[in-house]
Structure formats: structure tokens, C-alpha cells
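Here is the structure we will look at, set down as C-alpha cells.
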Amino acid sequence: MSQALHPALQLLNRTSLVMQIFIGLLAGIALALIAPQAALSVGFVGNVFVSALKAVAPVLVFILVMSSIANHQHGQQTHIRPILLMYLIGTFSAALVAVVASFAFPSSLVLSSQAAELTPPGGIGEVLKTLLLNIVDNPVNALLRGNFIGILAWAIGLGFAFRHASPGSKQLLGDLANGVTAIVKLVIRLAPLGIFGLVAATLAESGFDALLGYLHLLVVLVGCMLLVALVINPALVYWKLRRNPYPLVLTCLRESGITAFFTRSSAANIPVNLQLCQRLGLHEETYSISIPLGATINMAGAAITITVLTMAAVHTLGIAVDLPTALLLSVLASISACGASGVAGGSLLLIPLACSLFGIPNEVAMQVVAIGFIIGIVQDSAETALNSSTDALFTAAACMAEEQRQA
């Protein structure tokens, strides 16, 4: 059968998906430089890819979690608690890194009179209220809106209910999960084309000229994210596994982080992470819950963004910050980051919440948000890559640690 394939298809089958994505990336950059108008046109391909991922992710999570819980065998254990602990420690550590970096390399902003016309949450209570309302959302509405907290709540509830169903019903759920997984694999195979379109259109439309004025701020932001990805996260993985963490860290960055960087959506990257966990041979009943949960609450990148931009505003306005206040900012940024997925605009719109800690007026804070949108081409991409790859990394570390303990 394979001998009947066209030579181009044979080459495609022999080339790894990561290499295909890299080729798509280079092709997108080349097209944007040579023919910007054509590059704008192929942006449609990238939009289709992201839309396909976003479309399949809610259904995948709903079916997979429900099937995993319904088919759970008595005596089996999931390892969610240690993963949640790593999520919380990782997010708080990221906020601390951002505070230290902001003190060491203070950034200044050029604040204009224009502010983004967006409505930030009124306080941490409103963020928590939004999360609670998301939990009790209508299941159909949750699937339509991509509300993964609501999807998880209903999937877990129905999964426990189906534990008492007939073997045939449980088998049907398992078959549905396999069917959706097959569709996801097909969508992920389109990643090289999607990233080609996204990169070409983004560079043709924005370029990097708009970013040069905020180069120092971007270096601090991306530097913090790299430090967390390559130092803090490996330290947490070593704490769990007691062995060299870097092979696993680099695998997650390569397999999950690259795709997340270009899709700029943790939700869209859920299918990629689930497939990565499957390839790593992890415990399905654990990763089917921890990955979508991580896409909602594991927000190390968001904590860095909130902290660095808030500290930049504080430095620009000449506000003195003592150590206790900086620690309080870390806690506030960590809690706010966990609610970033429940706020339209994500981490950037939670900046006014952190700015309020220093008495910065909302008008000024929204100007900082506007700057965040200007640098979003890099900031949002790096943030999503860190967030999403960390979901897979911590899940893998916890599952492997449990396997070592039982061995």
C-alpha cells in the first residue's frame, strides 16, 4: 500500500510533524518578506486551522473526560492533586520571578492619552465570581462558548453518573472518545499549513517595527518566561522525578510550546497536549482532566505579564514599592492569572486589577493594557507557549513520579 503512495506523500510521512512545522514557519517568513499581499491572503489558512482546533477542543474534552470517568475501574487512582499543587507553585514562582526581574531591570512606558476601550474586571471578587458562574454554566452554552470550566464540571458529573450505566453504554462512550481523537489527529496534521498562514499574515500585517519602541519591556517579559521554562519548571520536575528533567522539558516545549506559540490559544492547544500525553504513555484518566484544567488555571505566563506590565507602570509613575507590597503583588497576580481564562482579553485586562494595588487610576492602567496589545504579537505568543507546554510538563512529571513510586 505504502509503495503506491506518491513520492511527495512518502516524504511527508517520513518527515516529523515538528520538522514540517519548522518548514512552514520558514516558508511563512519568506512569503511575508517577498510578497506581503500574498502573505495576507494565506492568513485565511491559518485562521481555518485555529478555528478547527478551537472547534474540536470543547467536544474532545467533554467526551474524553466523561468516557475516562465512566470507564474508570475500581481501585485505579488519578494523580490530580500533585498536578494542581505544581500548577499553583509554578504560577506563584513565575510571579516572583517577574517581580525580581522588574526590580533588577526596571522598564519605562510612554503613556499617552489614549486608552483601550475595554472593561476590566472590578476586583478579584469579580474574577472569582466569573469562575463560579462558569462552573454552573449550561452545558450546551459551555460547549458553544468554549467554557472549559463548565465543560469539565458537566463532563465529570455525567462521567460519575455513567459509572452505573450498562457495559454497552460505557463502550459507546469509549468509541465516541476514539472517534473524536481520530478527528483531532487529522486536524493536528494540518499544523504546518496553519502555522505557515499565521506567520505569513502576522508578519505582513504588523511586522516588527511596532515592537522596537518596547524592546526593553519585551526582553524583560520574554526573559522571565524563558527563565521559568528553562530553570523554574525543570527544578519542579526534578523535585518530583529526582532525575534529569531536561529531556522531558525540551520534549514538551518542542511538541506543545511551538504549536501554542503560533496559535496563541491554550484552548486550541488542548488537543495537541492530549495527543502528546498519549504518546508519552501517561495515565489517561489523569491527563484527560489535568490538561483542560491546566488550560484554565495554570497561567504562569499570565502571572508574568500582569506583574511585569504593572511594575513597569509603577516605575514609570515613580511609585515606591517595598518588599511586602511586591510579595502581595505576586499573590494577587497568581490568583488573577488563574482567572485569566474567564475574562475577555485574558491576562492584559487583569492588569488594572493589579495596578489598583498601587492606587494607579483606571485611565492610566488601561493605557498600559493598550501597550500590552501592541506587543501582543510576541507577548501573547510566548505567554501561551509557556502556559500550554507547562500543562503537559507538570502532568507528565506527576504521572511519571507516581509510576516510579509504584514500581
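Using the three backbone atoms N, Cα and C, a Cβ is placed for every residue, glycine included.
Per Swiss-Prot, the features are as follows:
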| type | residues | note |
| --- | --- | --- |
| TRANSMEM | 16-36 | transmembrane segment |
| TRANSMEM | 44-64 | transmembrane segment |
| TRANSMEM | 83-103 | transmembrane segment |
| TRANSMEM | 142-162 | transmembrane segment |
| TRANSMEM | 180-200 | transmembrane segment |
| TRANSMEM | 212-232 | transmembrane segment |
| TRANSMEM | 301-321 | transmembrane segment |
| TRANSMEM | 331-351 | transmembrane segment |
| TRANSMEM | 358-378 | transmembrane segment |
Is the number of Cβ-Cβ pairs under 8 Å between the transmembrane segment (212-232) and the transmembrane segment (83-103) three or more, considering only pairs separated by 6 or more positions? yes
Intrachain neighbours beyond the transmembrane segment (44-64), with Cβ under 8 angstroms and 6 or more residues off its ends: 139, 142-143, 146, 148, 151-152, 154-155, 173, 176-177, 180-181, 183-184, 187, 190-191, 193-201, 262-263, 265, 267-272, 274, 288, 292
Applying the under-8 angstroms CB criterion, which one of 83-103, 142-162, 180-200, 301-321, 358-378 scores highest with the transmembrane segment (16-36)? 180-200
May I ask whether the transmembrane segment (358-378) has at least three C-beta pairs under 8 Å with the transmembrane segment (83-103), counting pairs 6 or more apart in sequence? no
